[in-house]
Amino acid sequence: MRPFESALCDSWSPADWADCTVLVAVSGGADSVALLRALMAIRKQGKGRLIVAHIDHNLRVESAEDAEFVQELADRLAIPALFGKVEFEFTLTESGDGIEAAAREARYKFLKQFAMEQGARYIVTAHTADDQVETVLQRILRGTSVAGLTGIPRARELAPGISLLRPMLGIRRAEVEAYLAEIGQDFRHDATNDESDFFRNKLRNELLPLLRSEYLPQVDQSLLRLAAGATECREYVAAEAERLLDACLLTQSSKQVTLNAKRLATADPFLAIEACVLLWRRQDWSRQEMGRDKWRALLTLIAADAPAPIELPGGIRAEKKGEQLTLTPPS
């Protein structure tokens, strides 16, 4: 087994997906092509069904050629391939956030749809440690919370019964390129990544090389350690928030939630907010406009004596009566 394949095997054992259908997101770039080739190589005795998924974002004139490359690769490996083409509108900002956000949303929408249609248990993407470094640094520069410092999560549930995994987060891009050279596998190169028009590209092509050469040669390792430490902290807080929420929860339905306001008010404010965030997530209530000031307004209501009800973003009505807090979404 080659070193890259061994590293991927250590990250995600073939035994974990031997009886599952796995949807592999393949753009045609080096990272995703390496992921696909390595998954094929480590698959236990041919067990585990792999399906290629390629999303054409329709943002580059070469995108049709990318799709052709992926189809040819899938045919050569005798793997079924699914293709989606995105037609979307976006708001262009100086940093390119509008494009990136719209493309990401469309991509995961297609992947989720494909996974549901194919009965896939896992969707795997080829994010590497280099992507993690860039993400953490970008968030630091823009200002972020502890949660933001965790960077790209290794796994999350995309839909009931469908997990999104990133098994290459501990692997460097240099290892990817070495592996592809070793097996003689070509790949598509996105020339727009070489341009520094957008913030993310400037960070990758200009700032990180400068930091490595002039300030801190081990900046990548430092940022990865920061993300790992923040993840441990975040996991601890999440577990404590879940315990607090479960202890405070009195009734819960799609129409109304009641909480023990007294118990919630005596908790640490940071943890109380995290418990409320978890509740919003469980109820599938929109958190788009629920900034820190809104969460603190809710805590103020909980701690007050006979306060007037307040309306939170999304039309959620919060009312405290005695020692109970009632949260009611719009009907």
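FYI, residue positions are counted from 1 along the chain as it appears here.
In case you wondered, yes, glycine gets a Cβ from its N, Cα and C as well.
Residues annotated as domain 'tRNA(Ile)-lysidine/2-thiocytidine synthase N-terminal' in TrEMBL: 22-206. What TrEMBL records for S27, G28, G29, A30, D31, S32 is ATP binding site.
Classification of S27 (ATP binding site) by DSSP places it in coil, neither helical nor stranded. Around D31 (ATP binding site), the same-chain residues six or more apart in sequence whose CB sits under 8 Å from its CB are A126, H127, T128, M168, R173, V176, listed in sequence order. In the shown protein chains, 17 other C-beta atoms lie within 10 A of the C-beta of G29 (ATP binding site).
For the domain 'tRNA(Ile)-lysidine/2-thiocytidine synthase N-terminal' (22-206), the model's average pLDDT works out to 90. Taking the Cβ of G28 (ATP binding site) as reference, residues of its chain lying under 8 Å away and at least six apart in sequence are, in sequence order, H54, D66, A67, F69, V70, L73, F187, R188. DSSP assigns S32 (ATP binding site) to a helix in the three-state reduction. Close to the recorded ATP site, the chain also has V26, V33, A34, A126, F187, R188: residues not among S27, G28, G29, A30, D31, S32 whose Cβ is within 8 Å of the site's Cβ mean position.
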